[in-house]
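Peer 1: If you scroll down you'll find the structure; I have some questions about it.
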Amino acid sequence: MIFIDTAEIIVYGGKGGDGAASFRREKFIEKGGPDGGDGGKGGDVYLVTDPALLTLYDFKYQKEFRAEDGEPGRSQKQFGKDGKDLFIRIPVGVIVADLETQTVVDMDKPGMKLLVARGGRGGKGNARMATATRRAPRFRELGHEGEMRRLRLELKLVAHVGLVGLPNAGKSSLISVISKAKPEIAPYPFTTRSPVLGIVKKAEQSFVVSDVPGLIEGAHEGKGLGLTFLRHVERTKVLAIVIDAAAIDGYEPMQAYETIIGELRAYNPNLLEKPRVLVLNKIDLLQPEHIDQLKVQFADKESHVVLTSAATGEGTNQLVDVLFELISPTLSTEEPTAEFMTMELPPLPEDFSIRREDEYWVVEGRWARYISRYDTTQPWDFQYVQREIRRKKLEEMLRQMGAKEGETVVIHDKAFEIL
């Protein structure tokens, strides 16, 4: 049984650390010169396939992921520490799509690693800004922002456990207790008309369980929901045969058990080769002596028998434990790969480009990003940026395009006013 599980997340590479603006000051050393160190690089963000994960459940509540920022540089030419990379674990078989560039990567092997957001470069300290004509720079570079990506993750889910039972055996109630599924529950046959998917989570592991439409006698001949139901069962890895132990549905427990086993055998004998557990449900409606009789009655029928009550929750934790035990051997044993890939962002324009956007003039490109490295709230940085703007003749180009005095120009992420 295959379902589609999806999630949308935002990932951020760590910001690079700011460079330091400092000067060497030691006794007996005159004009020690600039000694500000560079900032550390921001951490990268990777997606890594992990065969132990089966669903995208972990992304239901956490949508944003951010790698660690680089540390700022310090005096005495000390470089800041690089930020730690962030590794996000995903199930094998996830298709990763960049929502902006439409780049698609199929993560179909265990151990694959995909770089989805690079960390920003650390800013240069003033020790590295010195030149032959600028021997004592009082400014430094700010750290670069890390890349940001909006990603869509899509996983085709195979239901690992199929709940098999006659109508009104309590499958829907049971799946609502052991998972967060919300099936329609009512006291009449065939309440469930299509498969209901639930995700059962235990510690850091999870598996997918499906409550499929109720079985009736003659299903293998197409009666009731018949062949549709049995096709769903065929694709699961583990069967959980759910029986109404209180016989409210009119079938005595042993009669119900033999009916279900008979239908599975008639449709495909291989279904009985699957790992399975017998679930005797609704025990809250039984007297203790009746429960003991059921234990004896089914002791030699199945190696795994669990007595549960979806109404009170009794036995449901034991059921989850048994299902995990049965599922573990069926999980992928494929050898992990060391394959590494990078999801590239489109390159920035070589120098810079100018466009009008609402009330602003926007300057983009590599040069614009370069300008954003400087802290224009500091006088020395501001003077340097002004010199760069004049060198590029940006103001002249803006006026030629119709820019007027008093209008705002945004260079990457910094705003200036045309004078």
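Numbering starts at 1 and runs along the chain as displayed.
Glycine too: its Cβ is placed from the backbone N, Cα and C atoms.
The feature GTP binding site is assigned by Swiss-Prot to 165-172, 190-194, 211-214, 281-284, 309-311, with sequence analysis given as support. The feature Mg(2+) binding site is assigned by Swiss-Prot to SER172, THR192, with sequence analysis given as support. Feature annotation from Swiss-Prot assigns domain 'Obg' to 1-158. As annotated by Swiss-Prot, domain 'OBG-type G' applies to 159-328, with the evidence given as sequence analysis. What Swiss-Prot lists as domain 'OCT' is 344-419, and the listing cites sequence analysis.
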Peer 1: Taking DSSP as the reference, which of helix, strand or coil describes LYS171 (GTP binding site)?
Peer 2: helix
Peer 1: Using C-alpha atoms only, work out the spacing between GLY165 (GTP binding site) and SER172 (Mg(2+) binding site) and round it to an integer in Å.
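Peer 2: Distance (Cα to Cα, whole Å): 10 Å.
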Peer 1: Tally of helix, strand and coil residues over the domain 'OCT' (344-419) according to DSSP?
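Peer 2: Counting residues per DSSP class in the domain 'OCT' (344-419), I get 26 helix, 18 strand, 32 coil.
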Peer 1: DSSP on GLY165 (GTP binding site), three-state: which is it?
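Peer 2: Reduced to three states, the DSSP call for GLY165 (GTP binding site) is strand.
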Peer 1: Mean pLDDT over the domain 'OCT' (344-419): what is the value?
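Peer 2: Across the domain 'OCT' (344-419), the average pLDDT comes out at 80.
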Peer 1: Give me the non-local Cβ neighbours of LYS282 (GTP binding site): same chain, 6+ apart in sequence, Cβ-Cβ under 8 Å, ordered along the sequence.
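Peer 2: Sequence-distant Cβ neighbours: GLY170, ASP244, ALA245, ALA246, ILE248, SER309, ALA310, ALA311.
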Peer 1: Can you count the other CB atoms that lie within 10 A of the CB of ASN168 (GTP binding site)?
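Peer 2: Taking all protein chains shown, ASN168 (GTP binding site) has 21 Cβ neighbours within 10 Å.
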